[in-house]
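What Swiss-Prot says about this protein:
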BINDING   THR147, GLY186, CYS412, GLY413, GLY414, HIS415, GLY416, TYR417  FAD binding site
ACT_SITE  GLU437  active site, proton acceptor
Amino acid sequence: MYCPKAYENEKKNEDLEFERSQSTFSVSELNFILNNNDHNIINIKNEIKKFIDNDEIISKPQEIHFLSREEQYKRALYVSSKLIEIKKRFGEIGRDQYYQSLFEEIPFVINDIVFACAFKSLASDEQMNRLYSKFENYQYFGSYSQTEIGHGSNVQGIETTCTFIKETGEFELNSPNLTSTKFWIGGLGKLATHTIVFAQLLIPSSIDGKLKNYGPHPFILQVRSLDDHSPLPGVTVGDIGPKLGFNSIDNGFLRLDHVRIPRENMLSRFFRVNEQGEYEKPKHPKLIYAGMVGVRSSMIENSFVSLSRAVTIAIRYSTIRKQFKSNRLDKQEKKIIEYSNQMNRIIPYLAQTFAYFFTGKRFSIEFDQMMKAVKHNQDTTLLSELHANSSGLKSLMTQSTSDGIESCRLSCGGHGYSQFSGLPYLWSNYVHMSSAEGESNLLPQQTTKYLLTILRKVLSGGGGSSDTTTADDDNKPIGKSVKYINDEFQSSFENINQFIQEKGLNSIIHPDSLLQLFKHRSFILIKSIAESIQEQMSNGNKDIPQIWSDLNVEINHCSKAHCQLYVIQSFYDQILLLSSNSSSCSSSITTVLIQLLQTYSIWIINSNLVDFLQDQYVELSQIDFLKKSLINFYKLLRPNLVPLVDSFDLCNTTLGSALGSYNGDVYSTLYKWASTQPFNKNSLPLGFNETIKPLINSKL
């Protein structure tokens with residue numbers, strides 16, 4: 001655990017120290033688990049935190065709030081430049097830990113995460129060998145140009161074109177109209193030298209010469225000179241302007257005027273155009289979007305990072321802040337964390353933070369397994385399931401993380417509105433994730449479409465399961481994350497009581513019982529949509545797109561239910577794995593993790609009661625019991641709240657918060673930052689003598 005000498009010399013808040021003394025588990029042991037049981041990662045993290053705390057500029061995150069857009073970007077470039085030293089010392093692990101330890105986002109993250117995920121997924125081995133080291137060593141800077149000013153989530157509808165010129169063996173990229181302008185492209189506004197452009201692939205027919213559209217494909221394009229960084233001929237590029245947040249990142253626009261690139265610039269791991277202009281298609285149509293799935297995998301994994309910061313600030317502040325006495329005899333006011341409505345604002349999101357950590361870990365492993373199978377054997381068995389889950393999980397986890405940060409901000413009352421709390425900046429920098437790489441209100445449709453495919457397969461008798469998933473081949477077994485659809489179809493249990501009795505469980509709040517409730521709920525929602533579609537068609541409505549559109553709300557909710565099940569299953573599986581190895585995880589930790597799992601599950605049930613009651617699988621009395629149990633779990637977790645957020649081991653510079661510092665010096669820090677801000681340097685504001693003073697001296 002990281003504890004710099006500066007923290008040791010600070011006065012410790014007695015309330016926080018008392019909270020830490022109440023812990024029922026080892027904080028350092030849980031921290032070890034959160035770092036993949038790897039001492040090397042912890043040591044690297046500690047060195048990076050020390051590096052950050054010792055830097056005169058990076059260690060003062062509160063100063064960001066007083067900078068202009070240009071000054072913010074200049075600061076971000078300075079912080080980015082320090083990454084070179086980190087990478088030299090610690091390699092790629094150090095790079096990732098540096099990003100996670102910073103208060104602000106920096107431009108290099110686009111090259112290292114977004115571009116790198118896409119390039120490594122889509123580039124051939126030859127292209128990787130020829131180009132990737134240039135981006136890795138920051139000789140080139142990459143970006144990912146898919147979204148257009150007129151098209152976002154509808155990737156098939158993008159308007160940028162890439163025409164194969166057979167006479168020269170080149171491609172020609174073009175922006176045919178205003179709405180084809182690439183827009184919102186991270187890192188492109190000022191920094192990127194190259195970008196991956198998604199464009200409609202047009203190839204002349206060998207028979208009549210007419211252009212045939214093969215759909216969106218990725219191409220690597222140099223946009224700026226390596227000598228003076230100016231835009232290359234035919235390239236119009238710039239920054240899109242101020243945003244709600246994320247302003248240290250240069251989101252850009254791009255227009256192309258018949259720009260020629262070599263045929264070899266088509267990213268061709270899965271598809272290519274040969275010298276004769278013949279298109280060699282991918283084994284699976286969704287392989288074109290492998291890069292996008294890679295970026296989503298990173299977003300899914302990193303939702304934990306932002307949410308852990310928010311709950312750390314909210315919980316520490318809530319144990320220090322005191323308001324109202326329980327009765328006149330009390331000497332002190334009550335900690336606001338003691339109030340049940342405050343617990344309800346924060347504790348579910350603390351539980352969600354841990355759930356999302358283990359979910360991100362699982363999905364990252366599954367993505368790596370899928371890409372390995374595709375690259376080595378052209379095996380697309382895992383792709384459909386992974387693509388569907390990435391769509392729904394990205395939607396669920398980014399939106400609920402945004403909601404969690406906002407709930408934590410609100411839990412801090414008026415001080416949560418101050419930028420000095422660290423929460424408004426955290427939220428405004430994160431909230432764009434709901435729209436990035438697929439709008440979160442549209443992506444769930446891809447998930448539900450896949451779930452309906454699995455249901456149709458099960459109903460037709462093809463429900464044999466394995467640890468793999470079906471792609472477009474009906475002979476392949478269904479996958480692990482959707483196996484419950486077949487299980488529920490085959491199940492003889494009419495209600496949860498029969499399941500509890502059969503499994504020999506002691507209560508509906510047992511994790512196995514809760515997991516079963518989520519499996520049944522998801523199955524019922526999938527089946528309900530299938531029945532609604534069938535009913536419409538039986539009544540003569542053959543307009544499938546319109547039926548689908550009319551059911552969009554239910555479709556999105558169905559995806560959410562499936563993904564919440566995925567999260568709970570991931571969390572529970574990891575707890576079982578940890579508990580099976582007593583040498584690496586003590587029973588005290590598995591106990592508190594199970595309490596977090598139960599809290600998260602019951603909280604979701606309470607928020608979606610109609611789903612769980614609709615077919616009488618659960619009794620009303622059991623729902624009432626679950627509602628009361630939630631408050632009991634809050635009380636069980638109460639002594640461990642501060643220790644749980646301490647296990648994230650977030651340093652003060654990372655949080656950038658007067659409310660959430662490790663030693664709890666809230667009020668003096670808040671006053672110090674307020675009183676020393678630049679706006680208070682002069683007693684008279686600019687313009688006072690010209691505008692206000694004449695009014696004071698006038699005789700109106």
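Along the chain as shown, the residues are counted starting at 1.
Keep in mind that glycine also has a Cβ here, set from the backbone N, Cα and C atoms.
Known features from Swiss-Prot, placed on the structure.
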{"residue": "THR147", "record": "FAD binding site", "DSSP class": "coil"}
{"residue": "GLY186", "record": "FAD binding site", "DSSP class": "coil"}
{"residue": "CYS412", "record": "FAD binding site", "DSSP class": "coil"}
{"residue": "TYR417", "record": "FAD binding site", "DSSP class": "helix"}
{"residue": "GLU437", "record": "active site, proton acceptor", "DSSP class": "coil"}
Around CYS412 (FAD binding site), which residues of its chain at least 6 apart sit with Cβ under 8 Å of its Cβ?
ILE313, ALA314, TYR317, SER318, ARG321, SER421, LEU423, LEU659
Give the maximum pairwise CA distance in Å, whole number, for the residues THR147, GLY186, CYS412, GLY413, GLY414, HIS415, GLY416, TYR417 listed as binding FAD.
37
Are there any residues at least 6 positions away along the chain from TYR417 (FAD binding site) with a Cβ closer than 8 Å to its Cβ? List them or say none.
ARG409, PRO424
Taking GLY186, GLY413, GLY414, GLY416 as the binding-site residues to compare, which has the smallest set of other Cβ atoms within 10 Å?
GLY414
Hey, which of the recorded positions HIS415, GLU437 is the loneliest by Cβ count within 10 Å?
HIS415
Enumerate same-chain residues with a sequence separation of six or more from THR147 (FAD binding site) and a Cβ-Cβ distance below 8 A; give 'none' if the list is empty.
LYS182, PHE183, TRP184, ILE185
To the nearest Å, how far is the Cα of HIS415 (FAD binding site) from the Cα of GLU437 (active site, proton acceptor)?
33
Cα-to-Cα gap, GLY414 (FAD binding site) vs GLU437 (active site, proton acceptor), nearest whole Å:
34
Would you kindly give the Cα-Cα distance separating GLY186 (FAD binding site) and the residue listed as 'active site, proton acceptor', rounded to the nearest Å?
11
